[in-house]
Amino acid sequence: MRTAAIIPAAGRGERLGPGIPKALRVLGGAPLLVHAIRAVDQARSVDLVVVAAPPDDVTAVERLLADYEWGSDVHVVPGGQDRHASVARALATLPADVDVVLVHDAARPLAPPELVDAVAMTIRHGADACVPVVPLADTVKVVAGDKVVRTLDRSELRAVQTPQGFRRAALATAHAWAAGLPVDELSVITDDAGLVECHGVSVVAIPGAEEAFKVTRPLDLLVAEALLTRRRAASGR
Ligand SMILES: Nc1ccn([C@@H]2O[C@H](COP(=O)(O)OP(=O)(O)OP(=O)(O)O)[C@@H](O)[C@H]2O)c(=O)n1
Ligand SMILES: C[C@](O)(CO)[C@H](O)COP(=O)(O)O
C-alpha cells in the first residue's frame, strides 16, 4: 500500500489577520506549511506529499520547498476556492498506486509524526476513514442571536483534528459527490470526514494530540511559538 499526504494550504487566514497567506506565515524561522509538511514527512507511513497552494503562489511555494530536504516526494498544485476544492485538486493528481490518503491542514504545524502514523495505521488495518479527536474544555451551547437555545452534552462531543485518513476510493467518491453540491450545503461540511460520513462511510475516532491544534487566530500563533521553543529546547536543537 502507498500512502499520500495532502496538505491543503491555499487559505487566506482571514481570522489570523491581514498579511500573506496563513500557510506562509513564519513560525520559529520557517513557514507553517514547512512545519506541517515535516510532520507528515517524518512519519514512517507517508510516501508522497501533495500541497495545495494559493493559486497565485504556486511557483513561490515550489521554490520555497526546494530549499528544504524531504524524505518523500513533495509536489505542489494550485488550490481551489474552498478547502474541499483544494483537497479535490490534490486528490486528482495522485498516482494510481496510492490507496491510503491522509489530509493534513497546513494550519496544524505541530502535529506529532506519531499521530500521522497512528491515523495511517488505522486505515492500513482496515478502517475506511479515521480522525483524531480530543475532548472539549468548554461547555458548548446552541445560541440564536443573543439567546441560549440549549446546552449540549459535552461528554458526547469531541473536537476533530487532522491528519484525517481515508481509503482513497472512499475519499474520491465523497469528493466527486461534493463537487456537485450547492455552496450553502457544502459550506456546513467543514472537514473531509464530514464528506465521507454523508456517504454512509464509518469513521473511526482515535485519540488526538494537543499539539495538533489548528493555528486560526493570533493567540494560536503565540502558543505555537512557545510550544516550538519548548520542543527545540527538549531536543537540544
Ligand atoms: N481555499 C482554501 C481554504 C482553506 N484551505 C486550507 O484549509 C486548512 C484549514 O483551513 P483554515 O484554518 O480555516 O484556513 P483559512 O481558510 O486560511 O482560514 P480563515 O478561515 O481564517 O480564512 C488550511 O490549511 C488552509 O490553508 C485551502 O487549502 N484552500
Ligand atoms: C479540517 C478541520 O481542521 C477539522 O477540525 C476543520 O474543520 C477546518 O475548519 P476551517 O474552518 O477550514 O479551519
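Start at 1 and count along the chain as shown; that gives each residue its number.
Glycine too: its Cβ is placed from the backbone N, Cα and C atoms.
Features of the protein shown, as given by TrEMBL:
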type	residues	note
SITE	Arg15	site 'Transition state stabilizer'
SITE	Lys22	site 'Transition state stabilizer'
SITE	Arg154	site 'Positions MEP for the nucleophilic attack'
SITE	Lys214	site 'Positions MEP for the nucleophilic attack'
Arg15, Lys22, Arg154, Lys214 as recorded sites, winner by CB count within 10 A:
Lys22
Quick note, Arg15 (site 'Transition state stabilizer') and Lys22 (site 'Transition state stabilizer'): C-alpha atoms separated, nearest Å, by 9
Taking just the CA atoms, what is the gap between Lys22 (site 'Transition state stabilizer') and Lys214 (site 'Positions MEP for the nucleophilic attack') in Å?
11
Does DSSP put Lys214 (site 'Positions MEP for the nucleophilic attack') in a helix, in a strand, or in coil?
coil
Rounded to a whole angstrom, what is the C-alpha distance between Arg154 (site 'Positions MEP for the nucleophilic attack') and Lys214 (site 'Positions MEP for the nucleophilic attack')?
20
Within the set Arg15, Lys22, Arg154, which recorded sites show a CB-to-ligand 1 distance under 6 A?
Arg15, Lys22
Listed in sequence order, the recorded sites from Arg15, Lys22, Arg154, Lys214 whose CB sits under 6 Å from ligand 2 are Lys214
Through the lens of DSSP with three states only, how would you label Arg15 (site 'Transition state stabilizer')?
helix
